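Below is one structure, written out as structure tokens; comments come after it.
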Amino acid sequence: MEVKIFAFLQIAVLIAFSLHLASAGSKELSGPESSENSIEAAFCDTNCTEGTDGVWSGCSAGCFCVHVGNSTVGRCMTFNGVD
């Protein structure tokens, strides 16, 4: 019984150590994680509303409307850094 518990603990420590090594890699920014490739989401200065015809309006150029669930009021957002 004690041998099984000891073996289980050894395996658990080995797995935890392996996961740590995998996640503790280089912190240098590269590839898709690079800030050169990142985009930024920001709120615009306006809100938006859904009309009775189901069309959303109120966002200025370059912004789009986001809302939660079945709400008829939302906030306008934009993405910066998108080609």
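Note that Cβ sites are derived from N, Cα and C of the backbone, with glycine treated the same way.
According to Swiss-Prot:
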type: DISULFID; residues: C44-C63; note: disulfide bond
type: DISULFID; residues: C48-C65; note: disulfide bond
type: DISULFID; residues: C59-C76; note: disulfide bond
type: CARBOHYD; residues: N47; note: N-linked glycosylation site
type: CARBOHYD; residues: N70; note: N-linked glycosylation site
type: SIGNAL; residues: 1-24; note: signal peptide
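Features recorded in Swiss-Prot, as mapped to the structure shown.
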| residue | record | DSSP class |
| --- | --- | --- |
| C44 | disulfide bond | strand |
| C59 | disulfide bond | coil |
| C65 | disulfide bond | strand |
| N70 | N-linked glycosylation site | coil |
| C76 | disulfide bond | strand |
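All chains included, 19 other C-beta atoms sit within 10 angstroms of the C-beta of C65 (disulfide bond). N47 (N-linked glycosylation site) sits 16 Å from N70 (N-linked glycosylation site), taking the CA atoms of both as reference points. C59 (disulfide bond): 20 other CB atoms within 10 A of its CB, across all protein chains.
Taking the Cβ of C63 (disulfide bond) as reference, residues of its chain lying under 8 Å away and at least six apart in sequence are, in sequence order, C44, T46, C76, M77, T78. Within 10 Å of the Cβ of N47 (N-linked glycosylation site) there are 14 other Cβ atoms, across all protein chains. Of all the Cβ atoms in the protein chains shown, 21 others lie within 10 Å of the Cβ of C48 (disulfide bond).
Cβ-based neighbour count (10 Å, all protein chains) for C76 (disulfide bond) stands at 20. Residue density at C44 (disulfide bond): 18 other Cβ atoms are found within 10 A of its Cβ, drawing on all protein chains shown. Long-range neighbours of N70 (N-linked glycosylation site) (same chain, six or more residues apart, CB within less than 8 Å of its CB): none.
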